[in-house]
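Peer 1: The structure's right below; bear with me while I get my questions together.
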Amino acid sequence: MASAWYVRLCAVVIILSLDSFVSASKYDKVHHNSGTHHVPDGGLRDNYYHRSCPHVEKIIFKEISKCFKADKKIAPGILRMSFHDCFVRGCDCSLLLKGNNTERSSRSNANLHGFEALNAAKDAVEKACPGVVSCSDVLQYATRDVVILAGGFGWNVPGGRRDGTVSKVEDVNLTNLPSPRANATNLIQLFESKGMTLAQMVVLSGAHTIGKATCITFDNRLHSDIPEPYADPYSPSFKLYLKSQCPNPNMFVRVNLDSTPEKFDGRYFHDLVHHRGLLTSDQTLMSDSRTRHCVYKNRDDGVFKKNFAEAMVAMSKIGVLTGKDGEIRRRMEVVNSK
Ligand SMILES: *[C@@H]1O[C@H](CO)[C@@H](O)[C@H](O)[C@H]1NC(C)=O
Ligand SMILES: *[C@@H]1O[C@H](CO)[C@@H](O)[C@H](O)[C@H]1NC(C)=O
Ligand SMILES: *[C@@H]1O[C@H](CO)[C@@H](O)[C@H](O)[C@H]1NC(C)=O
């Protein structure tokens, strides 16, 4: 079972959408307040680098767009990295640190994708403004950017996170990251333990509107005669399709997480209503009466994209380091030498 939890938000192909450019230029406008900053909470604030590195968001968007054009899989990849970073020790970029027994070395992080894109973005930022912008903020800006590139709405990313210097493989466990076999209770409790609401949990599960999961994360629902207690069974036609993809147990074949895997849209939630949720942790959101109404609501593209953007701002504030805590790492993958 534990072998399975590394595929909540996985890799796939997405298409470039026009939305992106509309939303991107919107940021430029929103980002012009001079003088006093609005301080939302936790020491983070919008437009954090407007004096110290005024073009940081443009620099990152440019690098990430370039990488996305070459490899659409960085969208689900970076989105998943953000989730795995924020839920383990907070959004401190500890996930990116290389080394023995770091978070990154965990089996649940074995399939992460998009490191090169993040390194490229950070290196470009360091060139323009050395030692100013944290890796944690670069990751959050890049996450917003890949959602835009895949067709979602953007959001203002509050900045000012500092980077962690500690990264432990044992922190990557089921108290911090949900199993693909989690039921609604498990998911609600885990998100609540991070200060996130039930509604935010459901909408963030919609990250599975892009990406793929390997057969082993759900094939218990295909090859077992024992009904899954917390998720209604697959629709017959979907089950036939999945059996053709994963004919035997424990295969590493990758299957789309929703029926429009190239688009960041509300289709994931339609699929849940039609018993086409891939993982137990997806379908349980429809099967459980506490979360079902949120599934219905998020079927609307506009509602989903707006709710998702808001929930991502909330997620990006989990357990952040600010002030004198942590450091501004010069590189994504190693701590600064003392
Ligand atoms: C990781 O472990 C290997 C083998 O024990 C050792 O050779 C290497 O120096 C270690 N690396 C770090 C960064 O600690
Ligand atoms: C899981 O991670 C938490 C910290 O986030 C830690 O307190 C706990 O000991 C870990 N559990 C195991 C079994 O290592
Ligand atoms: C959900 O899963 C947990 C074990 O992880 C179990 O204790 C609980 O009874 C399950 N069902 C519900 C409805 O909470």
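In case you wondered, yes, glycine gets a Cβ from its N, Cα and C as well.
Automated prediction, rather than curation, is the source of TrEMBL annotations.
Features from TrEMBL:
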SIGNAL    1-24  signal peptide
DOMAIN    43-336  domain 'Plant heme peroxidase family profile'
DISULFID  Cys53-Cys129  disulfide bond
ACT_SITE  His84  active site, proton acceptor
BINDING   Asp85, Val88, Gly90, Asp92, Ser94, Glu103  Ca(2+) 1 binding site
DISULFID  Cys86-Cys91  disulfide bond
BINDING   Pro178  substrate binding site
BINDING   His208  heme b binding site
BINDING   Thr209, Asp258, Thr260, Asp265  Ca(2+) 2 binding site
DISULFID  Cys215-Cys246  disulfide bond
Peer 1: Consider the recorded positions Cys129, Pro178, Thr209, Asp258, Thr260 and say which one has the Cα lying nearest the Cα of Cys215 (disulfide bond).
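Peer 2: With Cα distances computed to Cys215 (disulfide bond), the winner among Cys129, Pro178, Thr209, Asp258, Thr260 is Asp258.
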Peer 1: Listed recorded positions are His84, Pro178, Cys246, Thr260, Asp265; which of them have CA atoms within 10 A of the CA of Asp92 (Ca(2+) 1 binding site)?
Peer 2: none
Peer 1: Under 8 Å between C-beta atoms and at least six apart in sequence, can you list the same-chain neighbours of Cys246 (disulfide bond), or say none if there are none?
Peer 2: Cys215, Asp219, Leu222, Val253, Val255
Peer 1: List every residue in the same chain as Cys86 (disulfide bond), at least 6 positions away in sequence, whose Cβ is under 8 Å from its Cβ.
Peer 2: Lys194, Met315, Ser316, Ile318, Gly319
Peer 1: Within 8 Å of the Cβ centroid of the Ca(2+) 1 site residues Asp85, Val88, Gly90, Asp92, Ser94, Glu103, which other residues of the same chain have their Cβ?
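Peer 2: Going along the sequence, the neighbours appear as His84, Cys86, Phe87, Arg89, Cys91, Cys93, Leu95, Gly164, Ser167, Asp171, Gly319.
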Peer 1: Taking the mean position of the Cβ atoms of Thr209, Asp258, Thr260, Asp265 as the Ca(2+) 2 site, which residues outside that list, in the same chain, have a Cβ no more than 8 Å away, listed in sequence order?
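Peer 2: So the additional residues around the site are Ile210, Ser259, Pro261, Lys263, Phe264, Gly266, Arg267, Tyr268, Asp271.
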Peer 1: Roughly how many Å separate the Cα of Asp85 (Ca(2+) 1 binding site) from that of Asp265 (Ca(2+) 2 binding site), to the nearest whole number?
Peer 2: 24
Peer 1: For Cys129 (disulfide bond), which residues in the same chain are close in space, meaning a Cβ under 8 Å from its Cβ, but six or more apart along the sequence?
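Peer 2: Once residues fewer than 6 apart are set aside, Cys129 (disulfide bond) is near Tyr49, Ser52, Cys53, Val56.
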Peer 1: Which ones, of the recorded positions Val88, Gly90, Cys91, Ser94, Glu103, have a Cα no more than 10 Å from the Cα of Thr260 (Ca(2+) 2 binding site)?
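Peer 2: Those near Thr260 (Ca(2+) 2 binding site) - Cα within 10 Å - do not exist; the answer is none.
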Peer 1: For Asp265 (Ca(2+) 2 binding site) and His208 (heme b binding site), determine the Cα separation and express it in whole Å.
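Peer 2: Each residue's Cα considered, Asp265 (Ca(2+) 2 binding site) and His208 (heme b binding site) end up 10 Å apart.
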Peer 1: Out of Ser94, Thr209, Thr260, which of these binding-site residues shows the lowest number of other CB atoms within 10 Å of its CB?
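Peer 2: Comparing Cβ neighbours within 10 Å for the binding-site residues Ser94, Thr209, Thr260, Thr260 has the fewest.
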Peer 1: Quick check for the class: what is the C-alpha distance, in angstrom and rounded, between Glu103 (Ca(2+) 1 binding site) and His84 (active site, proton acceptor)?
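Peer 2: Spelling it out, the Cα of Glu103 (Ca(2+) 1 binding site) and the Cα of His84 (active site, proton acceptor) are 9 Å apart.
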Peer 1: Reduced to three states, what secondary structure does DSSP give Gly90 (Ca(2+) 1 binding site)?
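Peer 2: DSSP assigns Gly90 (Ca(2+) 1 binding site) to coil.
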